[in-house]
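Some notes on the structure that comes next.
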Amino acid sequence: MANYTPAPEDDYDVFIEDDLSDDEIEPCTPYDPKILSAQLVPYLYTTVFMVGLLDNILVVFILVKYKGLRQAENMSFLNLALSNLGFLLTLPFWAYAASHGEGFDDPLCKILLLLYSIGLYSEAFFNVLLTVQRYKEFFHVRRRFSACRTVAGSIFISVLVWVTATLVTLPELVSYKPQMQSQKYKCFFTGLHFLPADETFWKHFLTLKMNILGFLLPLFAFVYCYVRMRKTLQFRERNYGLFKLVFTIMAVFLLMWGPYNIVLFLSAFNEHFSLHGCGSSYNLNKSVQITRIIAATHCCVNPLLYVFLDKAFRKHLCHLFYLCSDTAPQPTEEPAQGASGEEYHLSS
């Protein structure tokens with residue numbers, strides 16, 4: 001097994017993957033990620049960065065100026081946009097590293113890993129929070145948690161989620177450090193040598209942590225809440241626009257990050273699935289890189305979903321660019337306690 005693991009500048013896994021240049025058990029040519037990295041990643045990541053930066057800043061502006069942050073869901077939408085922006089800030093650096101074949105020295109190595117990881121985990125957690133908020137609204141349990149729906153309560157929960165996402169990324173932060181390789185710095189996984197466990201254990205631990213917190217937890221929340229809501233007659237009879245938006249955002253997140261998490265799991269535990277042969281290793285390494293590139297583009301998708309599924313957002317966007325002739329909308333007030341999510345959504 002390799003002593004180090006390349007980080008995203010090799011356009012491989014930021015968390016746990018083995019060095020792709022290692023010799024396999026069978027004599028064969030290993031997969032070289034640098035070919036696809038140099039040809040595709042710089043252009044794709046730069047495009048995603050520019051598009052994502054523009055549309056997520058627009059989301060933040062519209063939420064703050066027009067829709068207001070008095071409703072708990074709007075606060076969560078704002079935090080989702082901030083999560084995307086944090087993730088986006090790392091893409092130009094990975095694009096540069098892919099095109100030049102080199103990484104970064106301290107402290108930039110750890111800063112980029114921190115932004116990348118916090119952006120990913122915080123988006124997963126805020127997606128879960130939004131889903132649970134819609135679930136409680138649907139089954140009219142809002143009054144039991146009325147304190148959580150105040151501005152102060154929403155801010156407290158948001159801070160708690162950000163702190164949790166930061167704490168979750170600490171293992172990556174302490175286990176990565178820049179190393180010199182071929183007279184170039186690389187941001188490598190070196191393991192947690194101050195704890196009594198070998199590198200294989202931490203490789204499996206970090207993989208399972210990402211799979212559980214970044215994929216299985218949102219998947220469970222999505223399936224449980226959606227199935228329970230789908231069974232009720234009210235859900236089938238009424239078209240809840242805000243419900244549709246929240247669950248579509250979660251579904252897209254799962255669809256874009258799901259393949260990467262599955263392939264990552266198979267790659268980390270390949271010895272348990274008889275996937276350590278030459279051909280299997282080659283295909284797994286290639287799949288990890290491709291699915292990771294696809295997943296990294298998710299951070300510019302949410303604002304597009306707002307445009308297609310949120311009438312109020314389209315109206316505010318229209319007024320912002322002077323495409324509408326009627327009077328510009330005013331900032332939205334918090335709905336009354338008895339108002340439904342749909343009534344607020346259509347009037348905001």
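Note: Cβ is positioned from N, Cα and C throughout, glycine not excepted.
Lifted from Swiss-Prot, the feature list:
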- CYS109-CYS187: disulfide bond (DISULFID)
- ASN285: N-linked glycosylation site (CARBOHYD)
- 1-43: topological domain 'Extracellular' (TOPO_DOM)
- 65-76: topological domain 'Cytoplasmic' (TOPO_DOM)
- 98-110: topological domain 'Extracellular' (TOPO_DOM)
- 132-150: topological domain 'Cytoplasmic' (TOPO_DOM)
- 172-204: topological domain 'Extracellular' (TOPO_DOM)
- 226-244: topological domain 'Cytoplasmic' (TOPO_DOM)
- 266-292: topological domain 'Extracellular' (TOPO_DOM)
- 314-348: topological domain 'Cytoplasmic' (TOPO_DOM)
- 44-64: transmembrane segment (TRANSMEM)
- 77-97: transmembrane segment (TRANSMEM)
- 111-131: transmembrane segment (TRANSMEM)
- 151-171: transmembrane segment (TRANSMEM)
- 205-225: transmembrane segment (TRANSMEM)
- 245-265: transmembrane segment (TRANSMEM)
- 293-313: transmembrane segment (TRANSMEM)
Can you count helix, strand and coil residues in the topological domain 'Cytoplasmic' (65-76) using DSSP?
-> 8 helix, 0 strand, 4 coil
Distance between ASN285 (N-linked glycosylation site) and CYS109 (disulfide bond) at the Cα atoms, whole Å?
-> 23
Helix, strand, coil residue numbers for the topological domain 'Extracellular' (98-110) per DSSP?
-> 6 helix, 0 strand, 7 coil
When only pairs 6 or more apart in sequence are counted, do the transmembrane segment (245-265) and the transmembrane segment (44-64) reach 3 or more Cβ pairs under 8 Å?
-> no
Segment-segment contact (the transmembrane segment (77-97); the transmembrane segment (293-313)) at 3 or more Cβ pairs under 8 Å = yes
Return the stretch with the most CB pairs under 8 A relative to the transmembrane segment (44-64), choosing among 111-131, 205-225, 293-313.
-> 293-313
Taking every residue in the topological domain 'Extracellular' (1-43), the average pLDDT works out to 59
